[in-house]
Amino acid sequence: MATTEQAMSTRPESGRRPLHLTPGRACSLLALALVVLGSLALNREGLNLMQGLTALWASPDFSDASSLGQADSALLSAQLVAHVSWWPRLVCALLAGGALGMAGVLMQQVLRNPLAAPTTLGVASGASLAMMLATLFAPALMAGTGLGGDGFQLGREWVALAGGLAAMGLVFALAWARGMSPTVVVLAGLVVNLYIGALGMVLLLFNQEALHGTLVWGAGSLAQNSWDGVIMLLTRLLPGMLLALVLMRPLAVLDLDEANARSLGVSLRKLRLMSLGLAVFLSACVVSVLGIIGFIGLAAPACVRLMGARRLGQRLLWAPLFGALLLAVTDQVVASLDGLLPNLIPTGAMTAALGAPLLLWLIPRLKMAQGTGPASHHGMSLTHRHPRPDRLLGWLLAGVCVALMLALLVGNGADGWTLGSDMLQQLMAGQTSVLDFRLPRVLAAAGAGVLLALAGTLLQRLTSNPMASPEILGISGGTAIALMLTLLLVPSPGQLTLLGAGICGALACLALLVVLNHRSGFIPERVLLCGVAITALYDAVRGIILADGDPRGQQILAWLSGSTYYVGLSAAVGVLALAVIAVLLVRPLARWLDILPLGMASASALGIGVTRARLVLLGAVAVLTALATLIVGPLSFVGLLAPHLARLLGLSRAREHMLGAVLCGALLMVLADWLGRQLLSPYEIPAGLMASLIGGSYFLWSLRKS
């Protein structure tokens, strides 16, 4: 993928009105909105603007409260609420939004990827897992250590901070041997993020009630009852943000290639380590105090860049300011809804819900480069080509067959372990065999693995981006949103109802992608940014639903985890048949996938209609992802991991890469479904989570060895 500076410009597309919104004007509009919303909020508390400002500087004096009238007592009470709750909440929002915006700029500059965000390196997942483990197994850690303030809050903050920094340490340890290469850092961060997230989801499945408070925290809440959170954020974020400004000149060197940067005497490894460490530290501080605030770290740098802030210095100035105001305005909107809606709406989730449409509105209005040169192939050549790819594919196919037999014939049930001979005896005696229960799940797992692996391969080769996965395109997110809303709004929906809802959600997202990108010729960078916005909207809906505590959330959680429990035999056979047909239909597109990464000019010279090819490939990815999501939920890890596994095995050409990824995806999902049924029998770990744990472990080992 071309770098962000090369991929975006401020020239409007033909046929659209030019966008005259500069970063300064956007921040001015947000500041005006914040003043209006803040004044209305103070007015609801019974204070005018001057009385509210007075409450900022000093706490009301209640020493003579007994001699005051009712009106004066009410005024003092309102000022007290403003002093200890409203103002700390606003200041926390400004500090957190600014820090996340700056962290996003640092991440995108160092990793040279417009999809990089503060959560890329697993900070949020690490903090969340640490909170869950402490809540379940060491609650004393959450009670604080007597250092002052609210003991629980102090303990919670340090536990979350330790978890986030531990995740960062794991990513850096994996990438250190490769000189902190952006590609390796991105891959390690993705795997650590998803792996830790899978561990947390396993804990959540078996302890949903005990971890409900962690879900609320994880959705991001800015509610405050003192200035302690502000002090903790201010003392950590202010020095960090000042250090980021000091690093501005060295960071500008990263716009050059590595050879030129080294010729200037710059140690790229140390510069990347320091910059990424600073970005992670800023993010970890915010997460530890306020929970997971999504989307700001991605949206703020992307929006100011789209509005004309192309140089690093401009982005370091405007992205923190834009992020601070965006988060503060969003939080004021959330606070104004308090009491009007029956359910809790976390600010972190609401930020993504409001920020995603903003990003979708901005993207089509500015021109992005057509990618006439060769793609940069992030991670596309981490390994050499296998000398005998056909033989390797044969071994992979044999491995899939062995895994299928193992999953069907071997298992741990109520009567202990059963083998194939036991099933033959049951069939000969006319008894119902456990094969009737295993077969649908195994077939569904294999079919879903094929579909997701194929979708991931198409998307990664089309965009030359190792962070590209079916989830990032937004199709699985749109399908999941439709299904979750159907489960919540429709009483006892049937399979056909859910199928129709899922297809409608997928088609709606595909239509949105087409509408937003057809004028630009479906530039991969723009398509991915649109997909990220849709995915952020899905994350927001999921966070709101799970934090609400609705009893139906358990069923939604099981589906989101990738469980094959609810799949019937007819659906399983159908998805496997569709998977085989999809492989046969997509195989002729291998030539496109070999040529498109060479760039638009080269592809056109070789007779390929680039716009048509991109549209066909994106449509194929959308259909494949929607089918798999309907069966086993949004299993993004398989679509991300299977293409990488095939490439690590040396399958680099498009045809062999697709076939290898398909076999890896099927093998991974079948083994995951079987192990998930055996490890905690009679309890089960959903296939999606198990696939994340298996594949993530292998991927971490591979990165470490390479």
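Residue positions begin at 1 at the first shown residue.
Even glycines carry a Cβ here, placed using N, Cα and C.
Positions annotated as transmembrane segment by TrEMBL: 86-107, 119-138, 158-177, 343-363, 392-414, 442-460, 472-490, 496-515, 565-585, 592-610, 616-646, 658-677 (among others).
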Same-chain residues at least 6 beyond the ends of the transmembrane segment (496-515) whose Cβ lies under 8 Å from its Cβ atoms: 360, 473-475, 477-483, 485-487, 490, 527, 530-531, 534, 615, 618-619, 622-623, 625-626, 629-630
Using a Cβ cut-off of under 8 Å, list the residues of the same chain at least 6 residues beyond the transmembrane segment (658-677) that approach it. 389, 392-393, 396-397, 399-400, 403-404, 406-407, 410-412, 441-442, 445-454, 456-458, 564, 583, 586-587, 590, 593, 635, 638-639, 641-643, 645-646, 649, 651, 684-691, 693-695
Residues from the same chain, set at least six apart from the ends of the transmembrane segment (392-414), whose C-beta lies under 8 A from its own: 386, 420, 423, 434-435, 438-439, 442, 445-446, 649-651, 656, 659-660, 663-664, 666-667, 670-671, 673-674, 677-678, 681-682
Determine which residues of the chain contact the transmembrane segment (616-646) at the Cβ level, with the cut-off under 8 Å and only residues 6 or more beyond its ends counted. 187, 190-191, 194, 198, 379, 444-445, 447-449, 451-462, 466, 469-473, 475-477, 479-480, 483, 498-499, 502-503, 505-507, 509-510, 513, 522, 527, 538, 559-564, 567, 571-572, 575, 578, 582, 585-586, 589, 592-593, 657, 660-665, 668-669, 687-688, 691-692, 695-696, 698-699
Which stretch, 472-490, 565-585, 592-610, tops the Cβ pairs under 8 Å count with the transmembrane segment (442-460)? 565-585
